[in-house]
Amino acid sequence: MGSNPVSVVFKLYCLSIMTLVAAAYTVALRYTRTIASADMYFSTTAVFITEVIKLALSVVMLSKETGSPTRMKNTIVEHIFRSPKELLKLSVPSIVYAIQNNMAFLALSNLDAAVYQVTYQLKIPCTALCTVLMLNRSLSRLQWFSVFMLCGGVTLVQWKPAETTKVQIEQNPFLGFVAIAIAVLCSGFAGVYFEKVLKSSDTSLWIRNIQMYLSGIVVTLAGVYMTDGSNVIEKGFFFGYTPWVCFVVFLLSVGGLYTSVVVKYTDNIMKGFSAAAAIVLSTVASVFLFGLQITATFASGAVMVCVSIYLYGLPKQDTSKLTRQDGDKESRQKLITV
């Protein structure tokens with residue numbers, strides 16, 4: 001009995017952190033791309049820096065896991081320098097994640113944080129579809145219903161996008177929606193692909209992260225000079241960086257790693273509550289920071305999305321027991337009839 005309260009408190013702590021990270025990242029990124037500064041920073045450099053930070057943090061976590069510098073060195077040599085095929089395998093999700101992160105910056109430059117937060121939940125049906133196709137899993141009828149319900153809610157939100165009164169820069173909502181669509185496709189595929197790689201061997205999670213982030217650094221650095229190369233050379237790599245931008249980079253790097261660690265201590269229902277709470281927090285913040293005007297269609301769509309997330313996370317019903325019970329009842333009835 002004594003361990004239960006601690007378990008509940010820890011789960012609530014995990015839930016709170018995941019919620020705050022998701023909401024704060026979205027709102028802060030939107031703030032830096034709209035009203036924070038006249039000197040706009042290069043989003044590609046921010047994505048590159050996050051990959052470097054993630055790599056450094058993964059090395060630190062690996063050192064704690066191995067317990068000694070010698071063991072860590074041997075592990076890195078074996079799985080990094082002597083495993084080029086594994087590096088190549090992990091370059092696939094690193095490329096996809098790099099595209100996803102860049103699309104998030106583009107989307108939040110053109111859509112309000114609350115609209116983005118709701119629409120980004122399309123990653124759930126995308127992930128579900130990839131899970132069915134790549135991992136040969138099945139979804140319950142309730143999960144399929146929740147997927148269609150979620151899509152309906154997002155359609156309502158995008159039907160007449162909510163307007164913001166405090167954002168004066170020119171925006172393109174259609175471009176923002178296209179960027180989210182690409183981001184959710186990348187999120188679904190990369191997440192399931194990485195899960196498949198993790199479960200295909202007993203290799204440490206931190207080794208897999210290091211393999212992925214090494215490729216990610218190369219990919220995102222190439223993206224910096226292909227997209228903003230001339231401007232970076234002229235104005236500098238850290239042009240336009242403010243404390244708010246550094247905060248966004250921190251959330252994008254540390255938040256992703258932290259969430260991947262604490263997810264194992266929570267269930268799907270709690271993750272659903274976390275996503276729904278992040279939507280609510282993003283909406284409230286958008287009203288005060290960006291002058292978001294909530295419409296009936298936005299409110300209805302947001303509620304549908306929150307409910308669908310909760311339904312999707314409900315545990316599957318064990319039909320085998322029900323079938324067995326029904327069979328026992330039928331056999332008893334036959335015996336009584338005889």
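Glycine is treated like the rest: Cβ placed from N, Cα and C.
Among the features that TrEMBL reports, transmembrane segment is placed at 12-29, 41-63, 142-159, 174-194, 206-226, 238-261, 273-292, 298-314.
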Same-chain residues at least 6 beyond the ends of the transmembrane segment (142-159) whose Cβ lies under 8 Å from its Cβ atoms: 115, 118-119, 121-122, 124-125, 128, 177, 297-298, 300-305, 307-309, 311-312, 314, 316
Top Cβ-contact partner of the transmembrane segment (12-29) among 41-63, 174-194, 206-226, 273-292, 298-314 (pairs under 8 Å): 273-292
Same-chain residues near the transmembrane segment (273-292), Cβ under 8 Å, at least 6 residues beyond its ends: 15, 18-20, 22-23, 26-27, 30-31, 34-35, 112-114, 116-118, 121, 162-167, 266, 302, 305-306, 309-310
